[in-house]
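> First the structure, then my questions, so here it is.
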């Protein structure tokens, strides 16, 4: 074993300092499985911190927005610990009673919607650029810069509290830069995980791994809700510091690919998705220099366009819940009572708990059936009655609300998680690429970037529509879920046709060929 500062043989990268330190302590190279474990753990916490930082704005909304459910409580004499107390019987802080200028005006809700639009529009556009960049540079550096930058601008949003800033354009500009740095995350982490794991159990592995999205949302909600009482600025600054810290962990510890750390790959793990005589036998990662796949060429990969358009509508639904669910809960009477902003934020985490279950379930089912499109479309169709039931009956009681929220989260986030992880990785290693591994980040960026455009539109429309009717908002969400499912119809029919043909010829795992259409 050489020096701890030894350069990795081959490739353009040196081993991360943390990997070299572990090998120095161990007195030998780390095994391939150890590297895989490190990749899963580091990327899990990295992207969880991205979502924790992103989720905080939905919690802070209830402190900034001028609307308050106190007036409705005057009609209900009973109270419980999780309910807001009448204003005449308690000391009301500015957080609950007065909002924060300029969001304490009559168009405050619309202004918050515009902040969401600014963030998500830049995020969506930046996604395409980040994916293109990610296939051409060290993903570890890209992730580190993105995470530290995200932490900086998330914290600057919170600094507005102590600096007593009431200029709308300050918050707008900060959110735009935050969206730009946030866009580096997803293409990078999916590309890294795709570099280390083959296709055989990718759906299940990525379904479990994708729990980072919900874990991040839950963590962000709990931290932001708990800190609101000390001033909404803390709800932004603390998650900002957390993601900056994990950015440094990524820089020190993350191996972006087997060749970057000279790891001896497991042949079964790194084999191309097309196996068993299906046409392409080149390994997923090749030692020779590969040319990165172009943006237009990546769009032409079979399956990329329909899944990208499906995700447009799937993320419209998911991100409307991400950004507006705590606000909706705090402004909707449940069993005749209104929850505090903190309690509403805590209750909203159940949507993400359901999302964890949905992501794992969708990944497992799609692996067993080898049918990504059938699984994603089925979940989207099931989310329609789930959305209807949550809106229609969620007000009856807290247990009923929680149950329907869990179910809705499972069906909404299931296909979202599947498409952004396993499907993106499958298509990024498609047989038409002839073993070229340098398309993962670009394909992931195309699919999730297109989805993020829908993610920007949903919260924006909700900001305007909710002022008139929340029922109209849910109608919009159900329509979007229907369109998302219909966009996969051609791929679903192809998977069904291949499966029927496979049953006649007894060919195992044949539905994978559906992505060849």
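From the backbone N, Cα and C atoms, a Cβ is placed for every residue, glycine too.
What you are looking at is a predicted structure, and each value in this text was computed from that prediction instead of being measured.
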> With TrEMBL as the source, identify the stretch among 373-390, 499-516 annotated transmembrane segment.
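That would be 373-390, the stretch labelled transmembrane segment in TrEMBL.
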> Between 109-128, 209-228, I'd like to know which one TrEMBL lists as transmembrane segment.
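Here TrEMBL associates transmembrane segment with the stretch 209-228.
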> Any idea which of 279-300, 345-366 is down as transmembrane segment in TrEMBL?
345-366
